[in-house]
Amino acid sequence: MYIVASFEQSIFLELAISALEQEGITKDRILAVPLDKRTEPRQLFDTLHRADGFSLFDLAAILGTCGMLLGAIYGMVLAWGPILWGIIGLAFGFGAGFVIRLALVKRKTQRDTKRNATAEVFVLIRCNPEQKQTVENILWENIALGVAKLDVRDPA
């Protein structure tokens, strides 16, 4: 039987491994695999083949339309006419919407990466079915982010 757990890199991981060894599970039956962290930041612009659901252009389109409408309306009484003022309103509205949305997405991304607990290490333990509950309790007591059980008959 295999038990898989995910942990943050912390002292609790070391305590869990020590407690498992004290329960009679040898080091050759415990495998800890650290994960590599993403080094490049998340892409802000979607491509044709990859989209993450965050659109930077929705607010820009709304404010651009409002700016164009107001520019065309008030351009009737201004010197350059409604067409030029509509284009100017479109540019300012689109730019303002894009900058606002970009700032909101960046702030949300930074806040979420600081707040969310991420799995940094996976621990794979091979144990007997009689030890399953003990191993699982040790992992949960040492603040595992998640625990999974895989019942595979040991050929040895």
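Each Cβ is built from the backbone N, Cα and C atoms, and glycine gets one as well.
All annotation found in TrEMBL is predicted automatically rather than curated by experts.
Packing against the transmembrane segment (56-77) from elsewhere in the chain are residues 44-45, 83-98, 100-102, 105: each is 6 or more residues past its ends and has a CB under 8 Å from a CB in it. Taken from TrEMBL, the feature transmembrane segment covers 56-77 (among others).
The annotation transmembrane segment is assigned in TrEMBL to 83-104 (among others).
For the transmembrane segment (83-104), the list of distant contacts is 44, 55-72, 74-75: same-chain residues at least six beyond its ends, Cβ to Cβ under 8 Å.
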